[in-house]
Amino acid sequence: MAEKALEAVGCGLGPGAVAMAVALEDGAEPPVLTTHLKKVENHITEAQRFSHLPKRSAVDIEFVELSYSVREGPCWRKRGYKTLLKCLSGKFCRRELIGIMGPSGAGKSTFMNILAGYRESGMKGQILVNGRPRDLRTFRKMSCYIMQDDMLLPHLTVLEAMMVSANLKLSEKQEVKKELVTEILTALGLMSCSHTRTALLSGGQRKRLAIALELVNNPPVMFFDEPTSGLDSASCFQVVSLMKSLAHGGRTVICTIHQPSAKLFEMFDKLYILSQGQCIFKGVVTNLIPYLKGLGLHCPTYHNPADFIIEVASGEYGDLNPMLFRAVQNGLCTMAEKKSSPEKNEVPAHCPTCPPELDPIESHTFATSTLTQFCILFRRTFLSILRDTVLTHLRFMSHVLIGVLIGLLYLHIGDDASKVFNNTGFLFFSMLFLMFAALMPTVLTCELICLAKMAVFMREHLNYWYSLKAYYLAKTMADVPFQVVCPVVYCSIVYWMTGQPAETSRFLLFSALSIATALVAQSLGLLIGAASTSLQVATFVGPVTAIPVLLFSGFFVSFKTIPTYLQWSSYLSYVRYGFEGLILTIYGMERGHLTCLEDHCPFRDPQIILHELDVEEAKLYMDFLVLGIFFLALRLLAYLVLRYRVKSER
């Protein structure tokens, strides 16, 4: 015995291993080994944690003969339609965690998008909510969709993001909202990182935050698209446990999941398995293996049932899908479930046929007014811009550095009659720089081009956080202060360094025209970004649209020398009105003669300069008026394009 102990010690084993070796040598029972590891009870799955949420009526969803088709190819080529979903029927009840499974391309996400109301055109069949035909607007107010990619605004903290959600979704007092947010964060294990920016969260924390944002108003129906995608096993278990607790709290929770582990698979209450757009199984999880066995498909021992059904659907055991389709259509799934659970032949108590009355919140479009939504979104967007230090600092420093460079290049030429054309070149370049400085950043950071921001907007808007007009106004107006400050900084540098007239009125007009031109360019950037389908398209279209705008600005070619059939193009150039206004500001308004340091100065009289540049009949107020019209028209057009894009997503 001593030799065995010494041998165990010699092998580097610890005291516990030595004791076990000795006990085994004596033929005794091995001692129970205790370690420092202890399994901690996961309280995040307790439904009681969510009892504080606002009370909402439970919802059951039923779908009958549901089909979905899309047009193949472009609309101008009539190639027919492709059917993605075929004759799907079933019922998803409250207090159940339903998993939609299937191989890649089976139609899982399409199916859930239709159930959530994100897809309408091309759908056939009927969807019932609590036994009544679904009213899409009402249904979207009582449901939420948590997408696969947890796109969050990176510059907000967890607490700030939650308060934005609470302020938009609830009409209670601020103290009640704060208490509710604190309780949700505590229940989901996010309180410790409440002051951490969302960009620094882990994958599991981001997923839980995405759920927390939608839990604020306690939606009775929750859709999850691949909630475990990209997470480790521990985070996957936490997320699925959380979904199960939400379901057992009275909600209808539906999620797509690709290939869960056996541990996660057993946590689902019911399954709806798709293959090639058709259902191959629907029912409780425990019925899957007996059901397949009855069809002659035996799952190997110790094999994950989720893996087995995916292998069957993928054709690894032959083309068995037609047989599975017929079995479901003939009602074998329903009969198998009744056979295994005779007590379930009657309708469960938690899946009533009489629809309950909807909550008062469902009778309103949004929980808050458009003005309140605008104020909340404006503050959030403005805060995000301020915290985006890279972009904000680059914008500010570029105006300062370019301003100093231009000031040094055109130093003290503003009152020199022999350098009039150099001065007009300075005025035109100022318009050129301010145009591109406002146009391109807007194009490249537009919501519909930046996928992250687009996903955030689509999730929040389609989950009925706010209206499209409130979001658009807040988004566009939040950037206006920066489009005012940057041109003013640039003008304050170049105006005095280049020696322009030392009059306050002229400087203010110079700055106002610069700001107006920058705002119009920003509006054009919004339109280009909203209309472009990709970043590459927007990057190409932005500079291309600037070419005719600059060409017909009046600097390269005067209006009189433009061919008659092209003169109309000059009226569409907003740079023309900005440049024309600057010429009138610097050389108009009854300015006195310029300083002449040479023997002959043909442009000493400012009126001659105005005549030469073909602006002597122009009116300064008209330039401001036309720039204002451009600003409003482009903003309105960008809004209409955004609205069209949002509708086309459905």
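A Cβ is built for glycine as well, from the same backbone N, Cα and C atoms used for every other residue.
What Swiss-Prot records for 1-393 (among others) is topological domain 'Cytoplasmic', and it gives sequence analysis as the kind of evidence.
For the domain 'ABC transporter' (61-301), the model gives a mean pLDDT of 88. What Swiss-Prot records for 61-301 is domain 'ABC transporter', and it gives sequence analysis as the kind of evidence.
In sequence order, L274, S275, Q276, G277, A313 make up the list of same-chain residues 6 or more apart from A106 (ATP binding site) whose Cβ falls under 8 Å from its Cβ. Residues or ranges marked as ATP binding site by Swiss-Prot on the basis of sequence analysis: G102, P103, S104, G105, A106, G107, K108, S109.
Marked as transmembrane segment by Swiss-Prot on the basis of sequence analysis: 394-414 (among others).
Listed by sequence, the residues of this chain that lie at least six past the ends of the topological domain 'Extracellular' (415-423) yet keep a Cβ under 8 A from its Cβ atoms are 498-501, 586, 593-598, 601, 603-604, 609. Residues or ranges marked as topological domain 'Extracellular' by Swiss-Prot on the basis of sequence analysis: 415-423 (among others).
Marked as transmembrane segment by Swiss-Prot on the basis of sequence analysis: 424-444 (among others).
Annotated topological domain 'Cytoplasmic' per Swiss-Prot: 445-476 (among others), in sequence order.
What Swiss-Prot records for 477-497 (among others) is transmembrane segment.
For 498-507 (among others), the entry in Swiss-Prot reads topological domain 'Extracellular', with the evidence type sequence analysis. Through the fold, the topological domain 'Extracellular' (498-507) approaches residues 406-407, 410-416, 423, 426, 491, 585-586, 589, 591 of its own chain, all at least 6 residues removed from its boundaries and within a Cβ separation under 8 Å.
Remote same-chain partners of the transmembrane segment (508-528), defined as residues 6 or more beyond its termini with a Cβ less than 8 Å from a stretch Cβ, comprise 430-431, 434-443, 446, 476, 479-480, 483-484, 486-488, 490-492, 495, 500, 538, 541-542, 545, 574-575, 578, 581-582, 585-586, 620, 623-624, 627-628, 630-631, 634-635, 637-638, 641. The transmembrane segment annotation in Swiss-Prot covers 508-528 (among others) and is backed by sequence analysis.
For 529-536 (among others), the entry in Swiss-Prot reads topological domain 'Cytoplasmic', with the evidence type sequence analysis.
Within its own chain, the transmembrane segment (537-557) has Cβ neighbours under 8 Å at 424, 428, 431-432, 435-436, 439-440, 443-444, 446, 449, 524-525, 528-529, 566, 569-570, 572-576, 579-580, 613-615, counting only residues six or more beyond its boundaries. For 537-557 (among others), the entry in Swiss-Prot reads transmembrane segment.
Positions annotated as topological domain 'Extracellular' by Swiss-Prot: 558-621 (among others).
Per Swiss-Prot, transmembrane segment is recorded for 622-642 (among others), and the stated evidence type is sequence analysis. Long-range contacts of the transmembrane segment (622-642) within the same chain, counting only residues at least 6 positions beyond its ends with a Cβ under 8 Å from a Cβ of the stretch, are 447-448, 468-469, 472, 476, 512-513, 516-517, 519-520, 523-524, 526-527, 530-531, 574, 577-578, 580-581, 584.
As annotated by Swiss-Prot, topological domain 'Cytoplasmic' applies to 643-650 (among others).
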Show, in sequence order, which residues other than G102, P103, S104, G105, A106, G107, K108, S109 on the same chain lie with their Cβ within 8 Å of the centre of the Cβ atoms of the ATP site.
L274, S275
Please state whether DSSP places K108 (ATP binding site) in a helix, a strand or coil.
helix
For the transmembrane segment (394-414), what are the same-chain contacts with Cβ under 8 Å, counting residues 6+ beyond its ends?
422-423, 425-426, 429-430, 433, 437, 441, 482, 485-487, 489-490, 492-494, 497-501, 586
Hey, which of the binding-site residues G102, P103, G107 is the loneliest by Cβ count within 10 Å?
P103
Cβ packing number for S109 (ATP binding site), 10 Å threshold:
17
